[in-house]
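Residues annotated as GTP binding site in TrEMBL: 22-29, 90-94, 144-147. Here TrEMBL flags 13-281 as domain 'Tr-type G'.
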Ligand code: GDP
């Protein structure tokens, strides 16, 4: 291997790019912050969400957007730890949930699934899990809030299997929970990690010969000791074996119990994760699989963020580097546009500010200043034209009728709707009943708000949105489509390309339509 190839291999080997998936309030912000602290990327804890200390927060613009009521951000954070370069893709929680969230997951090579141990698998976790699972990426589970009275750990494992269909392997096991929580037994390193309330700068670790070591009894007390014996024996006998191959395929998830807020179990988790999680993986393209070590630069845009900095009204295109070395100022082919462009102002998302990047490697995410030339899914490459496989699209789940406040602005209104829906995250449908009404479909509520905001800011148009009761959209393929069949709890509309789309108020309405039209095909996304 020549020297350049060796450097490249090393850079790829040390990188880990992952997303944290969870339901709001499970503790994602808290965990992210602790991880960043280990990496020394931020100096202050408690500032990711804090306004006052926003200069230290993971991303200032995120805060700015929150103040303006539009936080669509899924930021990227980078730090170094124990010889690894770590990229965390933040997926927005709460109502910010959108198609962006799903797409961001395509840029990750693995996922960390964070679960509130008192609540188990919640709705949003399930949705995000399914997207990861379809890609077959490894998923690592952190069972959070062990300092609180939580559910039985076996119950939680059972739920992973029942609800998500994934087997699990506990890497450590909690001793007691809530007020009685005294720590975890590390099954891999055979040691006790002892819990105290408050932020753990250092965790007291006791090496033991096994979980039946008398030291365990001494520390945990008779009752918890016996409980632990029973539980771990059961795990040894009836539990899954650890199998890295299965972990890599996303069939088995290593589970870690801990408490993010107390910084308990986070470091062990991080260290194990970095060891077991995959380095940047190849991506499929028009030229077959592109290995990260392929010498020519290539990447794709998975997200476009508008108005990141209100002073500049700029847009940032987030690009995942798939192969080769990125160097500032390099010329690359923008395949769809058929142009060569210079990447002169790239930004990397270090925790504190938007730094200009000089070099970056596969697995890294860079932010490209976008004067309007990029679309989600665009491929950039050096040398031969590599077009990465299209990003998945997702079926909208929320619908609103959209109208204009001031009828005189009809032209700008239509232009705005047309251009903004072109970006791909919001879909527009037209009613077929003759009134020519427009309906917007989105994955997350916040997308409606962003739409409203951008129509006003960029097109000078005030829009009105009326929420409609539909929950599902299905593209209907049928030669002899009979629109009269979509009257009860459903409506037939057309998308931008004149495809028929049926909107349904509930699953029952959808199922009965499918039963009534066995010859028709009902697709979740546009054909
Ligand atoms: P996010 O919505 O997933 O980003 O969740 P946050 O990180 O904001 O956490 C939600 C709430 O859970 C906050 O009040 C946190 O202080 C709390 N929290 C996070 N981790 C823990 C934990 O380990 N134990 C307890 N008791 N609370 C926690």
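Using the three backbone atoms N, Cα and C, a Cβ is placed for every residue, glycine included.
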Can you tell me whether DSSP puts residue 22 (GTP binding site) in helix, strand or coil? strand
Mean of pLDDT values spanning the domain 'Tr-type G' (13-281): 84
For residue 28 (GTP binding site): DSSP state (helix, strand, coil): helix
State which of the following binding-site residues has the fewest other Cβ atoms within 10 Å around its Cβ: 25, 28, 91, 146. 25
Let's check the environment of residue 22 (GTP binding site): how many other CB atoms sit within 10 Å of its CB? 25
